[in-house]
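Novice: One structure follows; several queries about it will come next.
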Amino acid sequence: MKLIIEKNEDSVAQVAADIIKKEILNNKKMNICFATGNSPLKTYNNLIKMYENKEISFKNITSFNLDEYVGISKENPCSYHYFMHQNLFNKIDINPKNINLPNGNGDIKKNGQEYEKLIVQKGGIDLMILGIGVNGHIAFNEPGSKLESRTREIELTESTIEANKIYFKNKDEVPKTAISMGLATILEAKKIILIATGQSKSQAIFNTIHGEITEKNPASFLNKHNDVTLIIDEKAAKLLKN
Ligand code: F6R
């Protein structure tokens, strides 16, 4: 696992965007899997600027997303579908036909299986962008998720609901389950970058780097992949040993 420690959120976002830019320039038709949430937001802003400056194009990029809440419509401003369009897709030249998110409505089991098939059909994920939960989740693979897990419905833990309530009017509105790529799906990506900033992530980052590989900390399974880069700020690095 490669570790990059940057001074603050802005420099983390610059480094992450530079890596993504380099990958896109190397393979203009690549399949990228995006995360939602606060961690990648500034990186997405940098990608938008790079697109506006004509440094990169997303015209031939196919996108996937890690996860989506179950039971809320795409039009709901709290949905990840809405988040991605608002914060990235509407501001770049990606072809709407090439945008794929897991479907959190209808038959979730079937949606999960179809999503897995689609990823394979499109040739797999070249670049995976991850955040990390305070409890070590990646995508919505909460503690206890199996290494061999695939896209499926997952019950959100209390700490995830607590962390995500800021996006909703109140805590009761946070969906109790989500559809999420599994750990096996994530680990099949060719290249993975994980963005983490702020002190609240420092324990999860410590556990991922220095802790054991265990279902209790889903991010620890990233140690099994041969091309993972953690890009974190000094606050998230606070507990790390030298
Ligand atoms: C979101 C996702 C989650 C977040 C994590 C961190 O698509 O997969 O694992 O990356 O919950 O969220 P933020 O970045 O909001 O702290």
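Every residue, even glycine, has its Cβ placed from backbone N, Cα and C.
For reference, TrEMBL lists these features for the protein:
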- ASP67: active site, proton acceptor (ACT_SITE)
- ASN135: active site, for ring-opening step (ACT_SITE)
- HIS137: active site, proton acceptor (ACT_SITE)
- GLU142: active site, for ring-opening step (ACT_SITE)
- 10-227: domain 'Glucosamine/galactosamine-6-phosphate isomerase' (DOMAIN)
Novice: Under 6 Å from ligand 1 by Cβ, which active-site residues from ASP67, ASN135, GLU142?
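Specialist: Those active-site residues that pass the cut-off, since their Cβ is under 6 Å from ligand 1, are ASP67.
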Novice: Where ASN135 (active site, for ring-opening step) and GLU142 (active site, for ring-opening step) are concerned, what is their Cα separation in Å, rounded?
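Specialist: A Cα-Cα distance of 8 Å.
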Novice: Can you give me the Cα-Cα distance between ASP67 (active site, proton acceptor) and HIS137 (active site, proton acceptor) in Å, rounded to a whole number?
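Specialist: Cα-Cα distance, ASP67 (active site, proton acceptor) to HIS137 (active site, proton acceptor): 12 Å.
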Novice: For each of ASP67, ASN135, HIS137, GLU142, count the other CB atoms within 10 A of its CB; which of these active-site residues has the top count?
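Specialist: Counting Cβ neighbours within 10 Å, the top one is HIS137.
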